[in-house]
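Here is what TrEMBL says about this protein:
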DOMAIN    172-513  domain 'UvrD-like helicase ATP-binding'
BINDING   G193, G194, P195, G196, T197, G198, K199, T200  ATP binding site
Amino acid sequence: MAVGKNVEDIQLEQDYFDNAMDVHRAKIEHRDGSYGSVATAADRRALKTGYDKLTPLGEDSAVAFARMTLEDGRTHYIGNTLISDNQEILVINWRTRVASRYYESSPEDPMSVSWKRAFDTRGNRIESLQDTLLAELREKIEKLPGKVHVDDALLNSLSSSRDGTMRDIVRTIQAAQNKILRTDKDTLLVVQGGPGTGKTAVALHRASWLLYQYQDSLRPEELMVVGPNPAFTKYIKDVLPGLGDQHVVQTSIQQMLQRDLKVRGIETDYVARLKGSAEMADVIAEGLNDRIKRPTGPLRIRRRNSASTINLLPETVTEDIESLRGEYYGIGREKLKERIIEHCAAELAGVRGDAALIVDPRSVDSEVNKLWPQLSATQYVRELFGSKIRLTSAGGKHLDASSIEALYRPVAERISDEPWTVADLGLIDEAASNINPRQDEWEHIVVDEAQDLSPMQIFALRRRSKNGSMTLVGDIAQSTGPFARNSWSDIIDGIRMNAPVHEATLEHGYRVPREVYAIAQELLPQAAPDIKAPTIVREAQAEPELFVVAHTQVANEVAQVASHHSAKGRFVGVIAPAEQWDAITAAFDGLELQWTDSSTGGLGRSINLVTPESSKGLEFDAVVVVAPQTILEQDNGARLLYIALTRTTSRLDVIAPSGEIPAIIGDAFKHVTVIDEPELEEYEDVEETEPDPGFGGLDDELTITASSRASTPSPTPADIQAQMNFGKPFPRSRSQATNESLETESIELNKWEEDLVERNAGYLLETLQGFYQLRLQRRIVEEVLKRL
Ligand SMILES: Nc1ncnc2c1ncn2[C@@H]1O[C@H](COP(=O)(O)OP(=O)(O)OP(=O)(O)O)[C@@H](O)[C@H]1O
């Protein structure tokens, strides 16, 4: 429904926008603070706390992105910041409660909103309007039961091209997202949602909303956003500043723990699992406790500037030590020093002056060091790993002989040469928190991709939180790595403090088009049987394609397809298992393509090479997934492949070496291209076999397509069928072509299908003749292919 899309309406709105921008600029310029009566308490507080909250709108910003008119006739313009002209509010902030109605009102529950208008703008210039009359929309929806309503503004936003940095969604936040992001601050909010349901977007907009709503108790510097890796942090870094929230700390879990250590070591999942396990907290504590020794003889403390010593009885010091064991290690050590000085003072009763000045501090330090050594966290962990005796003693019931063997690592010559691993960082952090109390506590922590956290990382986050106020978002179906899990329960149990827990689910998939998700969804029963698939809201512009190519041609095909997308201006992600990288990078270089290795910490603007694991959270206009079977065979392979297949906003191409097409997804593709391997000479080496009587020409039911690779031993018809059909008829409706039907039916093909037949007929003919001496006419082979 259009409530005024004509030129006059746009002009009237433009006048309003121009006036509001003038007012805003004047306010920023003069900073007079006279905002008169302002809509909400939060707005008033924002004004009181100064102009910092009223982020000046940039040159490329509009004063508003939406307008809503209530049933009583009141109208609100909604934008990124409040604009008020003395007594009149011109634009309300999207974070206010009033504005929430814009997002939450729906045809089913209009919330007294009569109609809404979304503005398309370039800078502050209005280019078009989209109006929604809620009552009219309700009628439409009633006629289309079961359909998800997606308005034009959302569709435009979802189908727009990506460029490697995430954008805000403030114009099109959906009702369920809006509700979740406005959850009370002092909550442990856990948001589960399938790929592309907007978890990251919701988490970031929640951060922005919290900063506005709780501006008295939450400063940007007290809010931390933690992502899974540096590339992800780069990907999201512009959203909060774009919303006007400049000083929020955004980091990755590794960076949060890293301090100034260099992570150079790698380790197996087994060792990472061991180091990240909750039991290691006890091992770390016990190992520190082991470093504290009782004296075996009297302590001799030298007097300052004197050769004489004061002797303290070992029993006295032992008593002190035992009473201080419960303290933080570093604090206990300081207190022991104080006690020793006090004992010295008591021994010197009658000597005038401060005991601390009478005893030699170096002597106290050196005696204490023998009993309670001064240790940094890194030094302690290094020495723990470097000694099987220490590991055995600290490990207690938690570590068996093989775990100790796995953890043991001879100390490097210098501490800076130590091959620290990612999992070590959690242990060092744990040790540091046993040595001294933490100084940095956060009012609120947002964690993205939280489903993969190790217990050690969970503890590290928990101790950085002031009272448990956190937002965790993630997807159990995408949980991979050493701590892949099937539910949120252990994370919630490990991280919760005083704040109540609120679990929410996002149910609508915005990123991935229906045709693409149909393929990924095949993996869900295997990846996460208890997780419900999201409801997808839009269709693809093009069908996903499966390319079946000879092993030797995989990298070249990847480069060709990536180059094709890039030439069309698409932002491309090539998601390939690590073992394919050398060949692919050589093929990229061969075609002189510009590409970026995402493992270097960021994404480039055209083609990006990413592993399935590190593609988590990212998205591209076009995704090329390479060697799906290899991905599937990795640990948590079904989840990794699910992740890889759900990174696209539009195009998906899967490139599989022939014979390595996972049956689980193979059937789901409607478009399959088999690329010829032209060197049929290869086949000359293959021993000729008798034609298989079971593959007796076209009188039999044919369910094959073609095979593009000779292998040794020679493939049987069943092999060919398995390679091409994944063991099942494919596609089902067109799989059973008989001789009879060949004679009678005339098949209409579109251009794409004709091309496919043309490309494959010659090859199939040669293969059938070469392997099985079947003398067939090309016409017949073409007809078979047409029916497939
Ligand atoms: N309400 C919305 N309006 C416009 N775009 C949206 C909306 N919600 C989500 N999107 C877009 O959908 C895409 C996916 O969102 P996001 O990355 O937040 O999903 P996610 O659930 O974190 O996905 P994943 O699990 O794959 O990391 C993004 O491009 C995001 O901008």
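Glycine is treated like the rest: Cβ placed from N, Cα and C.
In TrEMBL, annotation is done automatically, which means it is predicted and not curated.
Not measured: the values here are computed from a predicted model.
Highlighted here are the binding-site residues (G194, G198, K199) whose C-beta falls below 6 Å from ligand 1: G198, K199, in sequence order. The 10 Å shell around the Cβ of T197 (ATP binding site) contains 28 further Cβ atoms across the protein chains shown. Within the same chain, the residues at least 6 positions away from K199 (ATP binding site) whose Cβ sits under 8 Å from its Cβ are V191, G193, D448, V473, G474, D475, L506, listed in sequence order. Taking the centroid of the Cβ atoms of G193, G194, P195, G196, T197, G198, K199, T200 as the ATP site, the other same-chain residues with Cβ within 8 Å of it are D475, L506, G509, Y510, R511, P534. Annotation: G194 carries the greatest number of neighbouring Cβ atoms among the binding-site residues G193, G194, P195, G196, G198 [cut-off 10 Å, Cβ to Cβ]. In the three-state DSSP reading, G193 (ATP binding site) counts as strand. Sequence-distant neighbours of T200 (ATP binding site) (same chain, six or more apart, CB under 8 Å from its CB) are M166, I236, D448, V473, G617, listed in sequence order. Mean pLDDT, taken over the domain 'UvrD-like helicase ATP-binding' (172-513), works out to 94 on the 0 to 100 scale. In the three-state DSSP scheme, K199 (ATP binding site) falls into the helix class.
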